[in-house]
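Following: one structure in structure tokens, then a few remarks.
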Amino acid sequence: MSSWSRQRPKSPGGIQPHVSRTLFLLLLLAASAWGVTLSPKDCQVFRSDHGSSISCQPPAEIPGYLPADTVHLAVEFFNLTHLPANLLQGASKLQELHLSSNGLESLSPEFLRPVPQLRVLDLTRNALTGLPPGLFQASATLDTLVLKENQLEVLEVSWLHGLKALGHLDLSGNRLRKLPPGLLANFTLLRTLDLGENQLETLPPDLLRGPLQLERLHLEGNKLQVLGKDLLLPQPDLRYLFLNGNKLARVAAGAFQGLRQLDMLDLSNNSLASVPEGLWASLGQPNWDMRDGFDISGNPWICDQNLSDLYRWLQAQKDKMFSQNDTRCAGPEAVKGQTLLAVAKSQ
């Protein structure tokens, strides 16, 4: 562990396939415990046989060059609208790049070309309204792209061209109102898609056609009113589905058809008064047990005979039900305020 300034180059070493950010921060903490002191204008550096990991935060200066063996770089919490054009020059072994909380408004199309081995790009909490086409032309190995909490109102398919190995895409906390058709068509390796906390009212029917093994889908905190029967059909391996905090008033019959490996379903805080018979039939059947549970609280359930199918399902799955005391009937008057589970038991 040492300080590093732009006047002190370092000879390259080996490469670690993936240096986790958590491990990096732990190493920095350990170095502090050992009494290592750093100049306030220098970035923090951890050097090992696997390469250099560098963290820069104010009042440190943004580096003018990087050691050739850099595998991890964090430049965060600076008041920047643009990055230095040559920031990544000479760092061809870089695998993780964290640029969160900088106020970035745009990126150059050539920005990532010097780092063809990049696997993680974190752009959380910036001011990006778009990405330049061609940004990812040299990013065939990128696995994780985080664009959380920017100012994206639209997405263009062309922005993501070149991403062949993408496994995790986080677009949460933006201002997205709609998505283009074919957005994920080429992302066959995608495992996690996070579209939570946007302003989406509808989703393109082909949204999930492309990924072959999607495991996590975050759609919470949007304005969705209807869940169609075909949206989830291409993803039989889906394990976590978050639809909470929308305006869902209707879930189509068959919407969950084939989701036999689902571990977690969150439908809480929507506008559901009823659901079609047979909706729950495939969930947890025949050999899966919804091991991480489900939540249907915060909906205005009308607890009449139209929920008989749901009553039966709840009786079988009650041990996995979250927020049981907050899952209550909004009507009819005779059962208003009672828990849905209590009504189910009385049937």
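If you go along the chain as it appears here, the first residue is 1 and each next one adds 1.
Cβ coordinates come from backbone N, Cα and C, glycine included.
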If I look at Swiss-Prot, which residue among ASN79, ASN306 would I find recorded as N-linked glycosylation site?
ASN79
Cysteine paired with CYS43, where Swiss-Prot records a disulfide bond, from CYS56, CYS303:
CYS56
Over the span of the domain 'LRRCT' (299-347), count residues by DSSP class, listing helix, strand and coil in order.
26 helix, 8 strand, 15 coil
Determine the most Cβ-crowded residue among the disulfide-bonded residues CYS43, CYS56, CYS303, CYS329, using a 10 Å radius around each Cβ and all protein chains in the structure.
CYS303
Cβ neighbours within 10 Å, counted over all protein chains: which one of the recorded positions ASN79, ASN186, ASN306 has the most?
ASN186
Integer Cα-Cα distance in angstrom, CYS43 (disulfide bond) to ASN79 (N-linked glycosylation site):
16
